[in-house]
């Protein structure tokens, strides 16, 4: 028999499909790790084949198969490095070389016992020659002992033999029923594990979505807080008389422009505090926001409207400055204010 090294893909696929009763068309299909696991199981017969996923499609399922394979290598002291990260990519060359090595190992260590791949995929225990001869070894001393008894003992022994024979038949029936139940339970367990894996994937996707939404929420919340700080700062400056333009513009008295800035600020404030129908403010969130504002002086200002001293700087971080400052330090109202009542 060939050692397997240097064999063509056709020869290897023929050997693999014949050994495991599969229908692989390409060497790359071995990249899932399932076939590798069953090749080792055909040698040692101790792999948990119910956990091996032959219909694996996700990378985490491939990883599960290779963990089972590596456990087998460790258990039997096989010194072979398995490059899982290369094999799971299902590339031809990597899987060809590993399959060649596996066939060589199989030729060296496989005994003459018959291997049933279909039964093992359903996780039926392999019956070896040693296990088949064990009942005979146990029964021989008993038979010899009974043959040396007296006539009365022989009669009793005959009755016992009949009973033991009957128990043996019932026991074998009970064992076969237990095996059937075991296969059904293992199939159900495999299905449950697949469902759990699918649900875990969905959970990871939802976590990513929630993380993105939280980032967006913080981004827009900070913008609204900046606008709120700007509105309150402007109102304070108006009330303190910091603005050096006539009172008619500020208060709306007389025949002038009439409180354009103040009306604008009030409109912005009303928009900020407007709520949808059925919406209730959360007092806990308000207290938290006030606490954050008190600790840091102001909420981080993305628009550059107010510094930590409450001073307004309209020349940083905004393309639509509402409050402007001239070279002499005097504060003025921008001509870009929206004051048309219909706009609101």
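Backbone N, Cα and C define each Cβ position, glycine as well.
Annotation comment: Swiss-Prot describes 2 as N-acetylserine.
On the 0 to 100 pLDDT scale, the domain 'Calponin-homology (CH)' (6-107) averages 92 in this prediction. Feature annotation from Swiss-Prot assigns domain 'Calponin-homology (CH)' to 6-107; the stated evidence is sequence analysis.
As annotated by Swiss-Prot, region 'Disordered' applies to 126-173 (among others).
Per Swiss-Prot, compositional bias 'Polar residues' is recorded for 127-146 (among others).
Residues or ranges marked as compositional bias 'Low complexity' by Swiss-Prot: 147-159.
Per Swiss-Prot, the feature phosphoserine maps to 157; the stated evidence is a large-scale study or a structure entry.
The compositional bias 'Polar residues' annotation in Swiss-Prot covers 163-173 (among others).
According to Swiss-Prot, the feature domain 'EB1 C-terminal' maps to 188-281.
Look at Swiss-Prot and you will find 292-312 (among others) tagged as region 'Disordered'.
Sorting each residue of the domain 'Calponin-homology (CH)' (6-107) by its DSSP state yields 69 helix, 0 strand, 33 coil.
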